[in-house]
Amino acid sequence: MFGLTAGTLSRQINKGIASYKLTEVLPRNARGYAVIPPPRSDEEKALLDAMLRVDHAGEYGANRIYAGQMAVLRRSQSAPLIQHMWDQEKIHLQKFNEILGENRVRPTALLPLWNIAGFMLGASTALLGKAGAMACTVAVEESISEHYNSQIRALMELDPDRYTELLQVISKFRDEEMDHHDIGLEQEAESLPGYQLLKAAIQIGCKAAIYASERI
């Protein structure tokens with residue numbers, strides 16, 4: 001009915017693991033860097049490394065969630081809309097792949113876990129139908145947007161002129177995540193029985209993933 005079998009699920013998870021690759025090629029400007037200037041201290045480097053690591057992990061997880069949703073709903077009327085949001089997430093992930101490569105920041109060691117957990121979250125909520133998929137989208141995108149906002153505030157306090165390019169990247173992605181959030185609401189996410197409970201549970205998981213990805 002939903003186009004997902006146990007074999008398909010296994011293949012999708014394995015494909016996600018096999019396809020991950022950190023890109024290290026990024027055009028540089030005349031200053032010798034593309035997005036982030038060299039940190040001025042070990043403390044600043046640690047802050048930026050954690051910030052980039054968790055942003056990359058969040059976009060990676062979001063990609064796997066949309067992959068799970070499409071595995072279930074690819075033949076539904078919602079598929080083009082989900083694909084549109086997924087395509088934007090792919091761009092976000094590619095950008096953070098490049099930024100991590102340029103700045104020699106390792107991704108979180110938890111990527112294999114987020115690969116499986118993200119796909120399973122996307123697929124399981126999509127099995128509830130369009131409202132379930134959209135409820136998941138609202139919960140996740142709201143969490144990501146809030147986290148981006150906290151990073152924007154931190155960078156503004158640190159040195160907004162020095163980190164202009166990074167602020168532009170994060171602000172743009174934050175706005176697109178909020179668009180996804182609003183689309184989910186427009187697509188009747190709140191009509192799902194138990195919506196508030198599901199949303200709260202997903203957001204607790206998002207906060208735990210953010211905390212772990214910054215540190216591991």
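Heads up, the Cβ atoms here are built off N, Cα and C, so glycines get one too.
Here TrEMBL flags E59, E89, H92, E177 as Fe cation 1 binding site. Taken from TrEMBL, the feature Fe cation 2 binding site covers E89, E141, E177, H180.
You'll find the Cα of E89 (Fe cation 1 binding site) roughly 10 Å from the Cα of H180 (Fe cation 2 binding site). When Cβ atoms from all protein chains are considered, those within 10 Å of E141 (Fe cation 2 binding site) total 25, not counting its own. Here the Cβ of H92 (Fe cation 1 binding site) has 22 other Cβ atoms within 10 Å, regardless of which shown protein chain they belong to. Cβ neighbours of E59 (Fe cation 1 binding site) (same chain, under 8 Å, six or more residues apart in sequence): E89, H92, L93, F96, F173. For the Fe cation 2 site, the Cβ centre of E89, E141, E177, H180 serves as reference, and the other residues of the chain with Cβ at most 8 Å from it are A62, M85, Q88, T137, V140, I144, S145, E176, M178, D179, H181. Each residue contributes its Cα atom, and for E177 (Fe cation 1 binding site) and E141 (Fe cation 2 binding site) these two points are 5 Å apart.
Taking the centroid of the Cβ atoms of E59, E89, H92, E177 as the Fe cation 1 site, the other same-chain residues with Cβ within 8 Å of it are G58, A62, N63, Q88, I91, L93, I144, F173, E176.
Note: H180 (Fe cation 2 binding site) has non-local neighbours M85, Q88, T137, E141, i.e. same-chain residues 6+ apart with C-beta under 8 A of its own C-beta. Here the Cβ of E89 (Fe cation 1 binding site) has 25 other Cβ atoms within 10 Å, regardless of which shown protein chain they belong to.
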